[in-house]
Structure formats: structure tokens, C-alpha cells
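Student: Provided herewith is a single structure, encoded as C-alpha cells, for subsequent inquiry.
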Amino acid sequence: MGPDMHFNRLQDSVHPVVAVSSGDGKYQSVAFSRKVLLIIGGVFLAILFFSILITYLATKSANAPPPPAPTETVPPSQQHKFPTTIEPGGPDEEGQITTASMPATPTTSGENDTETGNQSVSTEPTAKELRLPTSLLPISYNLRLKVYLPGYGATFATDKNFTFEGDLKIRFLCANDTDKIMLNSIKLNLSDNPQSYSIKKSNAVDAKEISVVSTNVSEKLQMVIFQLSDMLTTGEEYEFHLTYSGPISSEVLSGLYLSSYVAADGQTSSYVAADGQTRYLAVTQMEPTDARRMVPCFDEPSMKATWAVTIVHPVGSTALSNGIENQEPVPVSDQPEWLESSFKETLKMSSYLLAVVVSDFDKREGKTKSGTRFRIWARKEAQHQTEYALTSGITALEYFEQFYGIPFPLEKQDMIAIPDFEAGAMENWGLVTYREKYLLYDPKEYALSEKRRVAVVVAHELAHQWFGNLVTMKWWDDLWLNEGFATFMEYLGTNEISNGTFRMEDYFVIDAFAGAMAKDQRATSHPLFVPIEKSNEINEVFDSISYDKGGTVLRMMDHLVGREPFRRGLNLYLSKFNYSNADHLDLWAALSEEVPESVTDWNGERLDLTNFAASWTEQMGYPVVEVTRVDDSKVQLKQKRFKLDENALEKERFRNPVHGYKWDIPIWHQVDGQDRPMKWLQTDATIDVKTSELLVINPGAYGFYRVNYDNATWEKIANQLKNDHKLIPLGSRAQLLDDAFSLAEANQLSYQQALALTAYLDKEDELLPWANAFSNLAKIKSYFEDEPAYEYVQIYMKRLLEPLYNKLNWNNIPTDYTNDSRAFEDSLQSSILAMYCNLGIYECKATAAELFRTGFMDACNSSNATASSCSKVPLSVRKLVYCKGIEHGGEREWNFVFDMYKKERFQLEQSRLMAALTCSSSRWVLTRLLDMTLEEKDIRKQDAASLFTYVGASDAAGPIIWDYMQSNWKKIYSTYKNTKSLLKYVVAASTNLKAEHNVKQFERFIQDNANVTSQFSIFEIQLEKARSNVKWMNTHFQSLAEWFKMVTSKTV
């Protein structure tokens, strides 16, 4: 284990200086004489000679038969991981999490063969190449899995450590004559002995056994091809029996992989077991294409089958799978150290939903009204945090049964908190897996916004049990059907969980709606329905478009046709395609059957949702509705695509969509606060409204579009906000601010007009408008930092925030986080304090730093204390206070937080501490922190994305992290190439560039590393953002700087 990272700097010396560990976690500098250096040089030359000799001998033997595929006999020391991507309270209030799986993109030819720089990389196979033939269709799997986990009651040879053995029987139907069986498989040890396999007809008593002539493994295509001695006959069912083995992976968090929580030795940033021992668990993550890492199978969503699973596991461990257990675990005959747990055969389901967990976890149990057994599993010491998940889960499951009108089809539902998990959660049917902090909850450790996030993730995953599990998309090009619907339904489910107190209908506007608009206004977006052309694009579609835009478009449809007809249409869809697969056209057909006669289209005919939905799902982007006054009694509406940078180019296949970037737009509107009948906008439309009346389009923000009014109307809206803002609906107030600032950024409205809307905010006491104001003002602020004109921006924003800051100040922070109805109020207060402190206002920073000293450092001075148990800093501002304590402090404060980070046993508090560590302004410290992510010392691999994101969120640290990525790219890529969703976040955090010379560097970087960068859309996304930043500086900076100077020079 490496030394602790502290602030101690290396001292300059006339001799070369090397940093070494003193054994107590400190760095010491050692000066070397010339004599010592000569000795070292001689040793180096000797090592170089022997390394050349070894390389020669290795090359000479390269053509020898390869040894058997190695198994992972020893887990990487102290590589104890728990994952996070962008944390709540990071760059955004809640951050952006992905609550379904985002595992690593399949490698093209093994997992360690890709290099960076100018070396060659295997061509990424096309999606078509990766598809299995449809000549064989699976019916059922019978899987017996033996899992070798050390540390329990079984003893076995060390070469079995962290491996598994599978005994598999697949029953399938032959749909077309073939003499091959093709299955998906990756990194599994399959025998090349044909006698290891058997194939026979399923229903014949004396069926002739067909033999395997040869096996061919294609790592590039992730397939194994079994050549048969005889032809399989159309219409016949066969059973294929094989055995195999594989590693419980510690390299990737997919397939069957290793997780752990670790002894309290003070040396690792990991979880502390109550009895002081390391505990290992094996857990699965299969979506989208990783079931093949644990079992050779037909690993495509449309190839559904049943699974009968039996797990052989060490005494002292518990095994879980999708089905309910057939009986209590029984000892294996002649192997009393092993238990056999068998599970009831699942319903017909896609392979990506298969789940297995072997652990020593405890459970909390309940039951739904309809009799479904419900259990929450977690580490023993976290059991006190499982009650909320149980009550929330039961409430959500009962609600969805009623909403969908279809009983939950399983006998049990398990949810389990995993220490190491790359995604937010995964909806495996009957066994949902979560990151710990998105399932566990303790009112002593979670603020209300964090409690709400737990409820949202639980609701999202349980919504999937019908939409995604019962009915599944045919292929990944319709992933948004799964994720968009779960996003839409999570708000309804969370509303039920909180009995309405979380106000999820309002929250949607600043969460999914805002996220979708921010992503889809760029040229690097994509349509909801997006044909998958390359294998890596499967993982690329797990993004804000599939989740947030999908949910937002469905919310618009729900509002258009009405909740009850919409619900009936979903029931029809789920009933018609249960245990099967469907696409978006099937959904539109079902929903259209339930559209009321009163809901008509632009031609006055009953609305056909297939026609309406096409323009919203089959092309990227969204419209801006332009409002222009025609005369004293009416205004004219026109539409065009809203694009943040008109010069940015889409991918060629998206540039000329069949709908021509035109949409069928439902225009909901109010005049003087009164709802008017909805109108349709295709090419143009008019609305009767007098000049004396106030027109607001899209109240409630149900339509997925922006609105740009003429100057007179914008002025009227600004005046109305100042005079009586509550005449304008809450959602509209929020969206007006976001529209105005986005239009200004796109150079379609002046920033002065956008900023004029903020003048009323001293009267605003609701979170939604402030949240959109915060995000847009923070963006402006980021352009001015390190510029002389920043002082005027600071003065302007201080005046804007000061009234509410004085009202919601440090003296009024709540300490009781059990009243859910305060969720918006608490979020508003913590956001105001954060924004005010981040402006650099001394009073705010000093108050936070003092609270850090008294409420954290003084309160936690015991050597055995953990932050989650001793910190007295209020939960809603804890992350802010920890950060300001580091900013305001020095070496002592940083070391204190780092030590507390390493000792912390609960994931949420640990993430707060990690965020604080990145608040240092020291280049050396930040560089060392980033080094630690690559070394996987103290910072878990899955925390790398969060740490990079925290560093990258600081404008001051932007150049540091960009320099770091350039200097360490080969090592970054080598570390994260097998967990590519983490690599995506690392790249995004490292390339928030605003200076033109940095953008040119980035362009060269992409070109120089094209063999890698061409495989990831994140590089195109970040380059578009960087170019937009440069354009903003050239277009807006000077005029806005002069405006801020002018308005702040006036007497207040």
C-alpha cells in the first residue's frame, strides 16, 4: 500500500530529490550524492540488459501453444471499490445519475490488447456483426454455478480463489436448419475437447446424440461457435450440455465480479466490517451485453428464455438470484463446507436481467398487500439504514401494480445494496442491485434531497419490473422505451412514496426536463430512436437523451391525451406484449387506441399518436416557438429548431431527417393567468391576445420546446414578475428563466433581457426559478473568473442573492431532516448559501470555515471517530462546509479530512469528504489526488469519475486537470479502457475548456489519438462545448462586462 497523501511538499535541493514514504504516511526528501547515483546507474544498466534478454526470449516463444486462460487467483490488493459517477450536490444540485446499468463497452479482441497513441487498435465490429443468427431460439437455461469465494467456511486450492465453474444445459428451438451453435461468450474457459459437450433432441427418448466437431472462439465478436457433426432440423427442440469456468472479475464491474468491504486497519478507504475481517461478495451486472461474461448464452434482449439457477457457495455465505428459493440451502453431498441454493425457474426474460449475488449480508423483510415477499439486503452494520428502502419499495410496487393494472408476476422482490457498483442501480427481475447510497437511508446522515434521491432510484427500478422486464425493447436502438418510461414513472412512484410532499411534478421541470433540454440543444445529440451501427454505440445510448428526453416526451404525451387514457394505453401495451418484445411503433399503436375522441390533431381528427410521436422520437433536437405580434389583437407563432451553436455539425446521418427538423407542437398557453384551449403549431399559427394582456406559452413546462417572445412581450413578462410573479405559474417562471438565458447564449436574445428577468428574484421563495437562475448565473460567472471584470459580476450577483441570503442564513439551518415537506425549502437554502459563498464573499466563507472547525474538527478529534458519527455540521450544508474548510485552511485541515475519508464506513459521507479534498487550490495536491485514482490507492477505481468531476467543476482547476489528462493519457486509458463509462466521465471532467489555445490543443489531442477518440462520442461532445465556450467569449464577454460595470456603478 502506498503512503498517505499529505500536503508536505518536497524541498528544493542542489542534489536530485526523491520522495519516499517514511512509514507514517508522510513524504520525506532524500538527497543523493554522485557516488550513490553512479551505483544506481550501474544497477539500471544491468536491469536494462536483462529486460532486453527476457523480451528476446519471450518473443522467441511467442509461437508456442498458448497456456490455458489464466484465472484470477488473487484479488488486487486493496482494490476495494464502490462506484459513483457525478455526485449529488456536485456540479449540479442533484447531479446526473444513470439509474440503469452503464457497464463497460465490449472489447474488440480481448480486454488488454488496445493501446493508445499512434499504435493500432482493432476495428470496432458493427452491431450487425455482433448479432447472433436467428436459426436457434432459446427456450430455457438450467445453470449450476459454483462460486469460489475465500473467507467463508469452505477450503479449496488457492488457484480456485475468485473463480467460478458452470454446468449449463440450454434448451432451444431450431428455427432454420443449421450445423452450428453460436453463443455469446467472453473471457470464459471453454474446453476444446469435443467430448466435453453433448447435444440431443429434447423430447426424444432414444435420440441420437450429436457431437461437437470443433469450437471456435471469436473474442472480437464475443462469440463461441460450435461446429456440429450433424444438421439440426427446423422445428425440433434440442438440449445442449456444456461445462466451463471463468474468473470472478476484479478488472470490470460487469458479468460476475468481485466486491468487498474491508477490515478497520486505517490503511484503506473502504468499509469497516463489524468483526474486523475482510468480506468478499460476488455480484452480477449484465446490462447491456455482459451476461456472456458469466454464462455462454443467447445474449440479446429479444432472445428471451427461462432460467433455473442453482448456486453452490461456501458455508457462511448466502446466495440470491432472480427466482424465489425452492428450499433452504442444503449441504452438498460429501462436501459439507459447501451449500447448494436452488431457485425457482424464472419467467421468460432477457439475459441482461439475470442476477446472482453471493455474500454474507443480512436482510429486512416485509410483504405487499398482494402477498409479494419483499426483502432489503445490506451489510450487517448497515441494517439500520434499510427501513426506508423497504417501506418505499413496498409502496412503489403496490402503486405500480395499481397504475399498470397488472399484478406483479413474481413471488418475491429483493433489493440489495452493493459496496462496488458502477451504475446507480440495475432492475434485474426479482433482484434489484443498487449502489449503497442510493438504497440505504438514515435521517441522521441523509439530507432531504438525498432521501428524495433514494426514493427516486427505488421508484425507477421498480417501474422497470413491468416496463423493460415484462415487456422489453426488441433491440438497443429502442433503449429509450425502457429508460424513458422508467424516468417518467419514477416521478409518479416517488410522489406516492412521499405522499406528495416531495412535489415531484414540480421537480420534474428542473430535473429531467432541464437535463433533456441541455443535452438536446447541441449538435452532438441523437434521436430517441437511434439505429445502432457500431457495437460501442450500445453503451453510448445510455445517456440523458434516452432517460431524460424519453421521460419528458412521454410526460408531454400524458398531458396531451390525459392521464387515464394514457394509463389504459400502457395497460393495453403491457398486456399485449407481456413476456415478449416490442418497439416504439407497438407502443404508439396501443396508446392511440385509448386516445379520446375529444383529443384531435391539427386536422381536427382524432389524434394518432404514431404520427404525432414520429417527429419527437425519430429526429434529434427540439423547436423554439417564436412569438411575434401581428397587430393589437393577435400574435403569430412560428417554429424552428433550437440549436445552441448554428455552425456546429451533426453526425452526417442525422443532418437531413425525414421530418426536416419540424415538429407537431401542442401550444398550451395562458392569457392573464387563464388557461386557453390548446392550439397546434406546424408551420405557423396565431393566438388572439390584446397588447394589454399577458401571454404565457407552455405554462407548467409540459411541451418539450423553448419559447422566444418579441421584445415587448419579454418586457411585459419581466414587469409582471416584478409586480406579481405568482400570476405566472411556478413551472413557467422556472422555464422562462432557462429559456431566456439559453436564447441569449445562442445569440437569439440579448443577455440584458435575460438578466432583466432575474430582477424579481428577491421576492421569489420557490426552488424551481432559483434553481434555473443558479445554473445559468453560475455559467456566466465561470466565464469571468480570473478576469478583471469579475468584480462587477460578483457585485451584481451579490446584490441579487443578498436578500434571500439574509433571510435563509446560517442561523436558520434545520437540524431535523424527517419532514419531507421541507425538501424544496432545504434545497433552496443550501443552494443560496453555496452560491453566495462561491462568489467569494468573505463573510460567508468565514462562517463556513468556522463551522468546519467547531462542528467537524473539534467534534471529531477522537482517533476512532468517523465523520458520519461525530460531525455536527448540518447535513444540508455539510458538503459546502467541508469544502470551504479546505479552501480556508491549509495542510492541517486537508490532512484531517483525508484521514476521516479513509476511516469513513458509509458511502454518502465518504463522497462528501472526497469532494472536499478537491477544494484545494494547490496544483500539487490536485495532481497527487488524480494520481491516486490511477494508482487505485485510497481512492477506489469507481470513485475516479467523481473525483475527476469535482476537480473539473472548479474553473481554477480546469487548466490543471486538462494538463494532467494530456500528460497521463496513456495511463488513464490503460486504467479505464475496460470500464468505459468511467472513462467517459474522466474525459468530460478534464476537458471543460474555454481558452482558444486549449481548444486547439484538444483538437490536436483528438487527432493524435484518433484510434481511441473516434470510438467515443464524448470527445465530439466536449469539443463542441469547448468551441462554444470560445465563441461565447468572442461574442458576449466584452459587451456583458461593460453592462455589469455599468449597472453595478449605479447607486443601490
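Please read every residue number as a count from 1 along the shown chain.
Placement of Cβ uses the backbone N, Cα and C atoms for every residue, glycine included.
Note that TrEMBL annotation is computational and uncurated.
The annotation transmembrane segment is assigned in TrEMBL to 36-58. TrEMBL lists 62-127 with the feature region 'Disordered'. Annotation comment: TrEMBL describes 98-109 as compositional bias 'Low complexity'. As annotated by TrEMBL, compositional bias 'Polar residues' applies to 115-125. Taken from TrEMBL, the feature domain 'Aminopeptidase N-like N-terminal' applies to 138-353. Feature annotation from TrEMBL assigns Zn(2+) binding site to His460, His464, Glu483. Taken from TrEMBL, the feature active site, proton acceptor applies to Glu461. Under the heading site 'Transition state stabilizer', TrEMBL lists Tyr547. According to TrEMBL, the feature domain 'ERAP1-like C-terminal' maps to 695-1025.
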Student: For the residue listed as 'active site, proton acceptor', which of the three DSSP-derived states applies: helix, strand, or coil?
Tutor: helix
Student: If I take every residue in the domain 'Aminopeptidase N-like N-terminal' (138-353) and average their pLDDT values, what number comes out?
Tutor: 92
Student: Would you count the other CB atoms within 10 A of the CB of His460 (Zn(2+) binding site), including those on all shown protein chains?
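Tutor: There are 30 of them.
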Student: To the nearest whole angstrom, what is the C-alpha distance linking Glu483 (Zn(2+) binding site) and Tyr547 (site 'Transition state stabilizer')?
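Tutor: A Cα-Cα distance of 5 Å.
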Student: Give the distance between the Cα atoms of His460 (Zn(2+) binding site) and Tyr547 (site 'Transition state stabilizer'), rounded to the nearest whole Å.
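Tutor: Computed Cα spacing between His460 (Zn(2+) binding site) and Tyr547 (site 'Transition state stabilizer') is 11 Å.
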Student: Could you give the Cα-Cα distance between Tyr547 (site 'Transition state stabilizer') and His464 (Zn(2+) binding site), in whole Å?
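Tutor: Per the Cα atoms, Tyr547 (site 'Transition state stabilizer') and His464 (Zn(2+) binding site) stand 12 Å apart.
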Student: Across all chains shown, how many C-beta atoms besides its own are within 10 angstroms of the C-beta of Glu483 (Zn(2+) binding site)?
Tutor: 27
